[in-house]
Amino acid sequence: MPLGQRAGDKSESRYCGVEVLDFPAGEELPAVLSHSLSSSFDFLLAPLVDPDYRPTPGSVLPVAASDLVLGPAQWSSHIVGKISEWIDLDAEDEQLRLDSEITLKQEIAWASHLSLQACVLPPPKRSSCANYARVVNHILQGLTNLQLWLRIPLEKSEPMDEDHDGAKDNSDMSDTVDSWEWWNSFRLLCEHSSQLCVALDVLSTLPSMNSLGRWFGEPVRAAILQTNAFLTNARGYPCLSKRHQKLLTGFFNHSVQVIISGRSNHNVSQGGVLSGDENHTEDTAVRHALSPYLDYIAYIYQRMDPLPEQERFEINYRDFLQSPLQPLMDNLEAQTYETFEKDTVKYTQYQRAIAKALVDRVSDDDVSTTKTVLMVVGAGRGPLVRASLQAAEETGRKLKVYAVEKNPNAVITLHSLIKLEGWESLVTIISSDMRCWEAPEKADILVSELLGSFGDNELSPECLDGAQRFLKPDGISIPSSYTSFIEPITASKLHNDIKAHKDIAHFETAYVVKLHRIARLAPTQSVFTFDHPNPSPNASNQRYTKLKFEIPQETGSCLVHGFAGYFDAVLYKDVHLGIEPNTATPNMFSWFPIFFPLRKPIYVPSKTPIEVHFWRCCGATKVWYEWAVTAPSPSPIHNSNGRSYWVGL
C-alpha cells in the first residue's frame, strides 16, 4: 500500500519495494510476494533466474517459476526483474564474456515475455564498460514497454582494481571515482536511450549535496536503500542521518521510488517482527523482517508538507514542453485569457506599482484638479484596466483610461466589462494595434503586460518602442525595465523528449516548461536588459552577450542539456515581478521558465567553466535568438538566422 497520504502527490514515489536477496526457486515466488504485500510493501525487486545458471547448448533457462504462478497484472505491477549479478560483459575471460551476453539477452527476453515494466541491470564492474553498453544498446533497440534500470552506487568509491596501477604513476589522478561518470559513459554509449534509466544504491556514506544534486536531472527511477545505511535511535529502531533524510525527501519530490535492500540489522520486537529472514513465508501473520525500515520510510514520507495549491495546479505541466505564445502574430483564445486573469498576485503587484506612480505623479494638493491620463496597451479582456481603476480609487486620484487592444474578440469582452462596471465615463476602448494607433493626447502613465518567460521573448521591447510616442517626456512606463537570466541545467527528460522528434529544428526551439526533473548546475546570470521609456528609441533591440558559468568544485563533472531562462521586471521603483529563482514573486503562475536546448549535450569536467553566447536578432518581420557554447567544447550555433524558431512581428 502507499507510504501514506500526502495531499496533491499522485507520483510513483508513494510506493516502496523490497529487494529479494535469495533466489525464490520453484513455487516460492507467490508466497514471497504475498508476504511482502501483506507487510505493506508494494513490489519486489526479484531475480528471475537461478544465479548459478550458466548457458550451455540446448539448456533451458532455470527461471524462478513458470509465468503461470502469478497473474499478468501481478507480474506487471508487483515485480521488477533483477538481472543476474555475475554477468560481466567486459571481462577479459572470453567465455565469461560470451556467457554473460547470452544470459543477459535471455533474461531480458524472459522479462519482456512476463510484461514486466522494468529490469535492474547489475552495475558496471569496471570503469571501462563499452561492451556492456554495446549489448544493452542492442537490446534497447528491440524493446517497447520495458525499461532497463542501470544500478549505480551513490558514493565516492575507491578506484577500481584495474585502475590502481595507473594511479600509482600519476600523482595528479584523483584517489576517488565518481560513480556518476560510470552512468554518463554508459548513457552516452547507449545514445541517450529514453528506456535506459538509473537505480541508485544508497549506502551509509554520501557525496556532497552539490554532487547529489546532479542526479535530480537524470532519469533516476529507484533509490535502493541499503539497511546498513540506517542508524539506530535511542529506542533501538532504524533511522537515517539528516543528510540521508534530506536526500530521501528530494527523491520523493522527484517521483523516485524507494526499494529497501539488505538483511535486518535491527532486532525490533514489534508484532512478531523477525530479526533475520526477509523472505520468510511460513506465517503470514508475522511481519516482514524489513518492516521497521519500511515504517521509517513511511514516517519520512508522511511528515512532508502537502504540495502547495499552486504545485497541485501545475503538476500536470511538469517537464511538459510547450511552444511560447506568439501574441503579436496570433490572437489569444478565451481560455488563455482566463488562465492569466486568475493570477491575482500579478495584478496585485501591478496595482501597487500604478498606485505608487499615481501618488508620485499627482500630489495630495492637486488631486481635485488633476486628471492622470493612463494608457493600457495590450488591454486584453481588462484585468489591467481594473487594476488601474482600483489603484486610482485607493489613492484618491482621478484617472482617464485608454484601453488599446488589437484582438477584436477580446475587445467584445472588454466592452461588456466596461458596461457592466459602469466605467463608460472613465475608459475609452481602442480596437487597434498599438503600433498603428494615433493617440489624441499624451499619456502620463503607460501600462502593459507584454512580458514573456524570458522577459523580451514576446516582443515587449518592439511593442513599447512603438507605443512610446504616446508618452509624455516625463511619463512613466510600467514596467520600467526587465532583465532576462539563464543558468545551465541537466535535464535528461527534456532532452529525450526533444530527441524523439528526430530533427534539428526541435533542438533549435525555445520551450516554455514547468521545470521539475532538472539539476541546476550554477547560479543564474543576467543576459539582456531593456528599459522603458527607451532612452534611445531609434536604437536597435538586437543584443549579444557572453557568459561564463563556474560550477562548484564539489559538484564534480556534469552534463549540460541546455539553459533554463527566467526574467525579473521592475514595474515601478521597488515593485518588481519575476520568476528568476532567487527573487521570484511568490505564488504567481502566469509564467513558466523557458528552456534553450543543446543539440548535443556538453560534458563539463570537474573544475571547468562553461562559456555560452546568446544573441537577440531582429529582422524586418521577425525576432529570434541564437545560442552557442564555446567552452569546454564548442557546439554549433543554434537557430542560425532564425531558421527553426522565431517570434513574428
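Cβ atoms are placed via backbone N, Cα and C, with glycine included.
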Range annotated as region 'Dimerization' in Swiss-Prot, from 389-405, 406-422, 440-456, 491-507: 491-507
Of the candidates F320, F340, F549, F563, the one that Swiss-Prot places in the protein site of E449, E458: F340
Cβ-based neighbourhood (8 Å from the centroid) of the protein site, residues F340, E449, E458 excluded: L325, P327, G378, G380, L450, L451, G452, S590
Secondary structure content of the region 'Dimerization' (491-507), with strand meaning DSSP E or B: 11 helix, 0 strand, 6 coil
Whole-number Å value of the largest CA-CA distance among Y337, K346, Y347, E405, D433, M434, listed as S-adenosyl-L-methionine-binding: 24
Overall pLDDT of the region 'TIM barrel' (10-300), taken as the mean: 86
Distance from F340 (protein binding site) back to K346 (S-adenosyl-L-methionine binding site), taken between C-alpha atoms, in Å: 9
Secondary structure at Y347 (S-adenosyl-L-methionine binding site), reduced by DSSP to three states: helix
